[in-house]
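Since the structure comes first, as structure tokens, the remarks are kept for the end.
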Amino acid sequence: MGKMTVLSLLGLGLAFFRDPWSSYQTRFNVFREVEPVELPNCNFVKGIEAGSEDLEILSNGLVFVSSGLKYPGLKSFEHDKPGKILLMDLNEEEPTVLELRIIGSKFDLSSFNPHGISTFTDEDNTVYLLVVNHPDFKSTVELFKFQEEEKSLLHLKTIRHKLLPNMNDIVAVGPEHFYATNDHYFLDPFLKSWELYLGLAWSNVVYYSPNEVQMVADGYDFANGINISPDGKYVYVAELMAHKIHVYEKHANWTLTPLKHLDFNTLVDNISVDPVTGDLWVGCHPNGKKIFFYDPKNPPPSEVLRIQDILSEEPKVTVVYAENGTVLQGSTVASVYKGKLLIGTVFHKALYCEL
């Protein structure tokens, strides 16, 4: 079993149940109620009904959206359908989505279960889309080439590695080079659930390239979103259950050195980085209990944070949007383009607002 035996895991479980409040209540933020923060002129994105867990906005305003995630323990409104990658154009007056065709004889569309996504644009302006995929609840990275004229994704490669067993999110630093978060240590579903509820901080960040794969950071209570600064010097990692965002300095050999972390009163999910200002935009779950234990009568709320000057002594943190779940359930990601904000969710709709 690696780090511990079943007996020691059960011992931890007994300790947990003796003092449930200090662990469960704090990590899941079970009593957090949302103070609404509204934005003018918000509209649902037509065509997104079953999730927009992650999204990537290109410099020309085109957006890739990861939709239809099936994740153990989380709600799905399309559990019987494969996931898909959607395309939007934020230059349109009322953006709608188009499902991108996936081309490639070796790719199994029926088991497509997309999670975190990231893009890399080559010197010749070729756009590569890297997608964390969970076919049969395993973990792979699917490498696609975006074919804009044909509105399709050409499947180039499937990446698997023993150091990437439980991937959540990914940030591309080359066509086949990336950092990825593993949100769990264990592979077994039973042990995974214990790991989550006991708060075993064993998840990690891995750097992958075709020539070298190495774990570059660990000790997280559910490593989640990951992204990189516009100048490529710093890597940001969201630690969901500890309510933290970690800042690392990236070195030439791809290793990471911890610089600082920020604490929040919310469960931080995916991180988007404004390519112009370097601001971080974070999709959050104010109340973790509601996202993991779905109740349609008491749905999970949504929250979007903006973090300015994260490297400074006193970064500015602003709640840009907050809502109790009656409009938008379970926000996971937020990103900006020309004064507009796009907010995605794990299994619900997507919202497009004016800032």
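Note: Cβ is positioned from N, Cα and C throughout, glycine not excepted.
Per TrEMBL, signal peptide is recorded for 1-15. Per TrEMBL, the feature disulfide bond maps to C42-C353. The feature Ca(2+) 1 binding site is assigned by TrEMBL to E53, N168, N224, D269, N270. If you look up TrEMBL, you'll see D54, I117, D169 marked as Ca(2+) 2 binding site. Feature annotation from TrEMBL assigns active site, proton acceptor to H115. According to TrEMBL, the feature N-linked glycosylation site maps to N253, N270, N324.
Structure with TrEMBL features highlighted.
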residue : record                       : Cβ neighbours (10 Å)
C42     : disulfide bond               : 16
E53     : Ca(2+) 1 binding site        : 30
D54     : Ca(2+) 2 binding site        : 30
H115    : active site, proton acceptor : 22
I117    : Ca(2+) 2 binding site        : 27
N168    : Ca(2+) 1 binding site        : 27
N253    : N-linked glycosylation site  : 9
D269    : Ca(2+) 1 binding site        : 28
N324    : N-linked glycosylation site  : 20
C353    : disulfide bond               : 20
Hey, for the Ca(2+) 2 site built from D54, I117, D169, who else sits with CB inside 8 A of the CB center? E53, L55, E56, S66, H115, G116, S118, V131, V132, I170, G225, N270, V333
Just checking the recorded positions C42, H115, I117, N253, C353: which sit within 10 A of E53 (Ca(2+) 1 binding site), CA to CA? H115, I117
In chain order, residues whose C-beta lies under 8 angstroms from the C-beta of N270 (Ca(2+) 1 binding site), counting only those at least six residues away in the same chain, are E53, D54, G116, D169, N224, G225, A238, V282, G283, T332, V333, G344
Taking the Cβ of D169 (Ca(2+) 2 binding site) as centre, how many other Cβ atoms lie within 10 Å? 30
Alpha-carbon spacing, C42 (disulfide bond) to D269 (Ca(2+) 1 binding site), which is rounded to whole Å: 22
Out of H115, N253, N324, point to the one nearest D269 (Ca(2+) 1 binding site) in space (Cα versus Cα); all of them are recorded positions in the record. H115
What subset of the recorded positions N168, N253, N324 lies within 10 angstroms of H115 (active site, proton acceptor), using C-alpha positions? N168
